[in-house]
Amino acid sequence: MTQSNLLPKTFRTKSGKEISIALGTGTKWKQAQTINDVSTELVDNILLGLKLGFRHIDTAEAYNTQKEVGEALKRTDVPREDIWVTTKYSPGWGSIKAYSKSPSDSIDKALAQLGVDYVDLFLIHSPFFTTEQTHGYTLEQAWEALVEAKKAGKVREIGISNAAIPHLEKLFAASPSPEYYPVVNQIEFHPFLQNQSKNIVRFCQEHGILVEAFSPLAPLARVETNALAETLKRLAEKYKKTEAQVLLRYTLQRGILPVTTSSKESRLKESLNLFDFELTDEEVNEINKIGDANPYRAFFHEQFKDL
């Protein structure tokens, strides 16, 4: 089902706070940089995004782009209170251990690199880690550290990325009260992967957890043979939009908040210009059906094999 028509430009977390489409600052921005360099290209891109109307910036410890976000926050004319900043604790991956000695250290490092007194949303980047990778922290203990940071005012909201239902249930159990349940689960979502793990979107939406989508444009950017090509072309022509705008609008109408990025000003503008048209229920269902028949997963292949 789609959400109601005339979608607002912002969603709300279950605590009532407004959150809008995110400008991502993922690792592609630092591939040509050494770890201590600051990418002026990324700083300029964030400043451009803010100028065009983005009010949500998504970064992460693992991206190594918090310094760039901090520099942009320092230079922009947009008041800090009008910008939603999301970042993430990296608990380690494969042979790579967590960058910080603890989740609390990760939060303090984020505040310092971002140059802010608080972060609007702090996520655990992945639930797939061992205590050896995290210097001794289980998922529940990492969550307890986020709870304490929220109590201390260092973070306003807390959540997770790439969580399946069993992970979320662990976080519920580790929370002192529903006030400290995760408010966001950021997952890979696009027509070819409508549930990163079994029934995750419905579960989140039934429990007041906002689903954010990374890689919402995967059918255009990552898939070699796009089974949606004809459908997207037809809908783009019908609504006088780009195929990317059709996909982002589809994501919104599924009740999911996209995280997107581009180095091109025209595409950044397009990503914000999604609210003057609406796909019909039949069109959304057509995209759903074709997507389900052509599954594609870009990330976490092994981790979700049994989830």
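In case you wondered, yes, glycine gets a Cβ from its N, Cα and C as well.
Y63 (active site, proton donor): 22 other CB atoms within 10 A of its CB, across all protein chains. Sequence annotations record features per position, and here Swiss-Prot assigns active site, proton donor to Y63 (among others).
Cβ environment of H125 (active site, proton donor): A60, E61, A62, K88, Y89, S90, P91, S161, N162 lie under 8 Å away, each six or more residues apart in the same chain. Residues or ranges marked as active site, proton donor by Swiss-Prot: H125 (among others).
Residues or ranges marked as NADPH binding site in Swiss-Prot: 26-28, D58, S161, Q186, S215, L217, R222, 260-264, R267. Within 10 Å of the C-beta of K28 (NADPH binding site) there are 13 other C-beta atoms, taking all protein chains into account.
As annotated by Swiss-Prot, site 'Lowers pKa of active site Tyr' applies to K88.
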Local Cβ density at R222 (NADPH binding site) - other Cβ atoms counted within 10 Å: 15
Cα-Cα distance linking Y63 (active site, proton donor) and R222 (NADPH binding site), given in Å to the nearest integer: 20
Those residues of the chain, 6+ apart, with a Cβ under 8 Å from that of S215 (NADPH binding site): E188, F189, H190, A221, R222, A298, F299
Rounded distance in angstrom between the Cα atoms of R267 (NADPH binding site) and Y63 (active site, proton donor): 22
